[in-house]
Each structure stands twice: as structure tokens, then as C-alpha cells.
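K.L.:
Got these off Swiss-Prot a minute ago, pasting:
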type: ACT_SITE; residues: 129; note: active site, proton donor/acceptor
type: BINDING; residues: 101, 102, 103, 104, 105, 106, 119, 127, 128, 129, 148, 162, 174; note: dCTP binding site
type: COMPBIAS; residues: 171-191; note: compositional bias 'Polar residues'
type: REGION; residues: 163-191; note: region 'Disordered'
type: SITE; residues: 116, 117; note: site 'Important for bifunctional activity'
């Protein structure tokens, strides 16, 4: 079940769902807006001839931070990693989805490529996969509204929430935009 603004407030007030820093003005009818942090990971396209999800390519991206109040410029066709300013923490019976803001989508900004799901039990900054599909550069200001979290109550608490030993939870506690760690549990079925 998708949580309403009332339900979201109840969960925040009870300390079960946490967003730090929390701003009550970000609450929407069935979501809560989140803001863009000031750190970005840009791809070093000259490091490898291709991206290999089975290999450790930790140096595929480098961290960039705009100076002062300057925006980060996302060029047409460019893809970078960003993250939410807020740290989100979920209990074992609530999951979340990261969605973009309609106003930004109308400018050609995509907030996530495929990783819009946040598992119950997760705690950390949420990494955003930012892409510019417009024909002009887009200015991304640290602290601007960048997306929204929608929360869903599970039919029962997760037996093994994110962060438990069973799944490895490679991104638990992540700070800032975190590069892919797909190689740590790469699986390929012989076909």
C-alpha cells in the first residue's frame, strides 16, 4: 500500500522512517521531496574500452564537487552519479521508490536509470543516476529538489531486510554517490 502524507508523518514521528536532515516543507500528498547533494561521480571514458559488470572497475568514475554555490553542468547525452542530500533509513516493513520531479523531467533530466527501488532496512544516501536527454546543458544546483520518495508498506516485515547478512547489502550506509559494485556478486547463468 502506498503511504499518504498522513501515514508518512506517522512513520517519521515514530522514528521508523528517517530522513536526515528532515524538512517538513518537503512533504507532498503521497511522497516526500528530496534534495541533491553536492558531490557527483563522472565517468572516466578513457580508462577502459568497455564497462564490464563482472570486473572491478572502481576507478571508472571520479568524484567532482562544484565550488561554492556553483551548479554542476550536465551536458546533453551525459550520465553521472549524484546522491540525495538526505540520508534515508527504512524499517523492515517499508520499502521506497525514488521518482523524479515532473518539472525536471520536462526539461530532459532523468533522475534514475533503473535503480529506483529502496529495500526495507536500507540506510544511507540514495545514489541517483542522472542523465540529460535534452539538447542543451542542464544546471544542477546542490540543495535543489531533485526527486521524491514514495513509501510502501509490505504485507509483512521482511525476513531478511537490507543490511542483514543474507544478501551482502553492498550499499548499506553509503555516503555520497557510490559507484557500482556489481562485480561483488556478479551472477551469470550458463545458457
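From the backbone N, Cα and C atoms, a Cβ is placed for every residue, glycine too.
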K.L.:
Other Cβ atoms within 10 Å is the metric here; tell me which of the recorded positions 105, 116 scores highest.
P.N.:
116
K.L.:
Using the structure shown, find which entry in 103, 148 (the binding-site residues) has the sparsest Cβ neighbourhood within 10 Å.
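P.N.:
Per-residue Cβ counts within 10 Å for the binding-site residues 103, 148 bottom out at 103.
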K.L.:
Least buried of the recorded positions 117, 119, 128, 129, going by other Cβ atoms within 10 Å?
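P.N.:
Comparing Cβ neighbour counts within 10 Å for the recorded positions 117, 119, 128, 129 gives 117.
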K.L.:
In three-state terms from DSSP, label residue 116 (site 'Important for bifunctional activity') for me.
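P.N.:
Its secondary structure by DSSP: coil.
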K.L.:
With a Cβ cut-off under 8 Å, give me the same-chain residues at least six positions beyond the ends of the compositional bias 'Polar residues' (171-191) that come close to it.
P.N.:
37, 39-41, 52-58, 60-61, 63, 80-83, 122-125, 127-128, 162-163
K.L.:
So of all those recorded positions, 103, 105, 129, which one's Cα sits nearest to residue 116 (site 'Important for bifunctional activity')?
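P.N.:
It is 129, whose Cα lies nearest.
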K.L.:
Going by C-alpha distance, which of the binding-site residues 101, 103, 128 is nearest to residue 117 (site 'Important for bifunctional activity')?
P.N.:
128
K.L.:
Check the DSSP secondary structure of residue 105 (dCTP binding site), expressed as helix, strand or coil.
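P.N.:
Helix, per DSSP.
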K.L.:
So if I draw a 10 Å sphere around the Cβ of residue 101 (dCTP binding site), how many other Cβ atoms end up inside it?
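P.N.:
Excluding its own Cβ, the number within 10 Å is 17.
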K.L.:
Do you know offhand how many angstrom separate residue 105 (dCTP binding site) and residue 129 (active site, proton donor/acceptor) by C-alpha?
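P.N.:
With distance taken Cα to Cα, residue 129 (active site, proton donor/acceptor) is 13 Å from residue 105 (dCTP binding site).
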K.L.:
What's the CA to CA span in angstrom from residue 101 (dCTP binding site) over to residue 129 (active site, proton donor/acceptor)?
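P.N.:
It is 14 Å, counting Cα to Cα.
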